[in-house]
Every structure is written in C-alpha cells, then in structure tokens.
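Peer 1: Have a look at the structure that comes next, please.
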Ligand code: CTP
Ligand code: MG
C-alpha cells in the first residue's frame with residue numbers, strides 16, 4: 001500500500017535553546033530534519049512527503065533538499081504559528097488525486113521511527129481510519145488537583161508519539177471542526193477524539209523519541225551510533 005506523509009518542521013525549537021530551529025541541528029554531521037525525512041524517503045510505501053516549514057527558512061530547507069536530490073519526492077508547505085495550523089496547512093496541500101491514500105502526520109523532530117512501525121500504522125489506519133504510535137507509560141503518574149494527590153492506573157496509560165495516521169476525510173473534518181470551535185489539541189489524534197471517533201493504538205518503540213531539550217541530543221547520538229536498527 002501507499003501513504004502520504006506530512007512532516008512538521010515549522011516550529012522554533014525554543015526549548016532546545018540552540019539559537020536556531022532545532023530541525024537544523026546536526027546529529028553525526030547531518031541535520032535532524034534530514035534524518036527524519038530519510039525514514040520516509042527510503043520507505044517504498046511512502047507516496048509523497050509534504051514538508052511544513054517556516055517561510056523564513058524556505059531557502060535553507062530548499063538548499064538542503066536539493067543537496068540530497070529529493071526535490072521530486074518532497075513538496076514544501078508554509079506552516080503557521082501553532083503546530084495544529086501547520087498540520088492543517090499540510091492537509092490542504094495534499095494533491096486532490098492522492099487524497100484517497102492514508103495520510104500520516106509526523107514531527108520533524110522525531111528521527112527514529114522504524115519502517116515496520118510505519119507499515120503497521122499505515123495498515124491499521126487504512127482499516128480503522130485513525131491510529132497512532134504509542135508506548136506504555138513506564139513512570140508512575142501522579143495527578144494533583146488542589147490539595148488532593150492521586151495515582152493514575154498505569155495499565156491504562158500510553159505515551160502518544162507520531163506518526164499519527166488517518167483517512168484523509170476524517171482528519172480534515174477533525175481539523176475543520178477544531179478550527180470552528182477554536183479547540184487547540186496537543187496532537188492530531190486529540191482532534192479525532194473530540195469528534196468521538198475511535199482511534200487505534202499501534203504499539204511503538206521507546207526509541208521513537210522527540211528531540212525537545214538539549215539533553216535529548218546526546219541521547220539521539222547514542223541511538224544513532226548503535227549498530228542495530230532502531
Ligand atoms: N511545529 C510546526 N509548527 C509549529 C510548531 C511546531 O510545524 N507552529 C513542529 C515542530 O517543528 C516539531 C513538531 O511540530 O517538529 C513538534 O513540536 P515541538 O517539539 O514542540 O517543536 P517546536 O515547537 O519547534 O519546539 P518548542 O515548543 O520547544 O519551541
Ligand atoms: Mg512547540
């Protein structure tokens with residue numbers, strides 16, 4: 001089967017504190033965004049990539065994509081001030097003739113997604129219309145409301161990752177409905193949840209981390225230097 005991918009790279013990377021968008025940080029001499037894009041470029045199931053960027057970084061991104069020779073596989077789209085807006089812009093850019101394909105939405109800052117997980121996710125989304133990669137929470141999670149502390153039942157808790165994959169019509173409807181009601185979700189699946197539509201979980205890998213703070217860079221280089229596929 002084939003799927004389209006939206007890769008979100010239009011953030012500012014403020015928490016990374018690198019003085020530039022974290023997408024350009026080099027991990028073993030290659031920009032983070034290139035590591036992420038490679039996961040999809042090398043997957044024969046990936047039909048086309050829509051790379052959502054900050055318009056101020058267009059020249060820099062285009063130069064990189066040309067350097068790797070990926071101009072035909074990637075379409076650049078301008079993002080917005082919120083991640084959700086960037087995702088919506090990506091959805092609107094998908095060519096009408098390929099909207100029957102499953103669409104994945106992925107963080108540019110998540111460079112370690114495994115091909116087997118991409119395929120499993122694509123198949124589950126094809127069948128069930130909405131799915132995400134997630135891993136069981138390993139920490140004990142406490143909830144504090146006022147003075148009251150309680151412990152959530154860990155067996156029911158999952159840490160959400162990306163990609164999140166959908167049938168195009170469903171995720172477009174979810175984004176449009178969220179926009180109308182000015183609902184800002186923390187991920188794309190939450191917009192589908194708000195429609196009361198079911199979402200499947202595909203058990204992912206703890207290696208599929210999002211690089212958010214400077215400590216994550218060292219972790220990422222360690223994962224990259226490991227011999228086995230992550
Ligand atoms: N993103 C985006 N458009 C935005 C905000 C975020 O495309 N307006 C993208 C980021 O580039 C990133 C992904 O969404 O790949 C996940 O967001 P996050 O990790 O929060 O990245 P940033 O927003 O860049 O970082 P920060 O929140 O620390 O500023
Ligand atoms: Mg952010």
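The backbone N, Cα and C atoms fix where each Cβ goes, glycine too.
Note: TrEMBL annotation is automatic and uncurated.
Note that this is a predicted model, so its numbers are computed, not measured.
In case it's useful when we look at the structure, here is the feature table from TrEMBL:
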SITE      15  site 'Transition state stabilizer'
SITE      22  site 'Transition state stabilizer'
SITE      154  site 'Positions MEP for the nucleophilic attack'
SITE      210  site 'Positions MEP for the nucleophilic attack'
Peer 1: Please identify, from the recorded sites 22, 210, the residue with the sparsest Cβ neighbourhood, meaning fewest other Cβ atoms within 10 angstroms.
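Peer 2: Relative to the other recorded sites in 22, 210, 210 has the fewest Cβ atoms within 10 Å.
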Peer 1: Can you see whether DSSP assigns residue 22 (site 'Transition state stabilizer') to helix, strand or coil?
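Peer 2: Looking at the DSSP assignment, residue 22 (site 'Transition state stabilizer') belongs to a helix.
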Peer 1: Between the Cα atoms of residue 22 (site 'Transition state stabilizer') and residue 15 (site 'Transition state stabilizer'), what distance do you get, rounded to the nearest Å?
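Peer 2: Taking the Cα atoms only, residue 22 (site 'Transition state stabilizer') lies 9 Å from residue 15 (site 'Transition state stabilizer').
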Peer 1: What does DSSP say about residue 15 (site 'Transition state stabilizer'): helix, strand or coil?
Peer 2: helix
Peer 1: Determine the Cβ neighbour count for residue 15 (site 'Transition state stabilizer'): the number of other Cβ atoms within 10 Å of its Cβ.
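Peer 2: For residue 15 (site 'Transition state stabilizer'), the 10 Å Cβ neighbour count is 13.
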Peer 1: At the Cα level, what's the spacing in Å between residue 154 (site 'Positions MEP for the nucleophilic attack') and residue 210 (site 'Positions MEP for the nucleophilic attack'), rounded?
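Peer 2: Given the Cα positions, residue 154 (site 'Positions MEP for the nucleophilic attack') is 22 Å from residue 210 (site 'Positions MEP for the nucleophilic attack').
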Peer 1: Taking just the CA atoms, what is the gap between residue 15 (site 'Transition state stabilizer') and residue 210 (site 'Positions MEP for the nucleophilic attack') in Å?
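Peer 2: Checking the Cα atoms of residue 15 (site 'Transition state stabilizer') and residue 210 (site 'Positions MEP for the nucleophilic attack') gives a distance of 12 Å.
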Peer 1: Inside 10 Å of the Cβ of residue 154 (site 'Positions MEP for the nucleophilic attack'), count up the other Cβ atoms and send me the figure.
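Peer 2: Residue 154 (site 'Positions MEP for the nucleophilic attack'): 12 neighbouring Cβ atoms within 10 Å.
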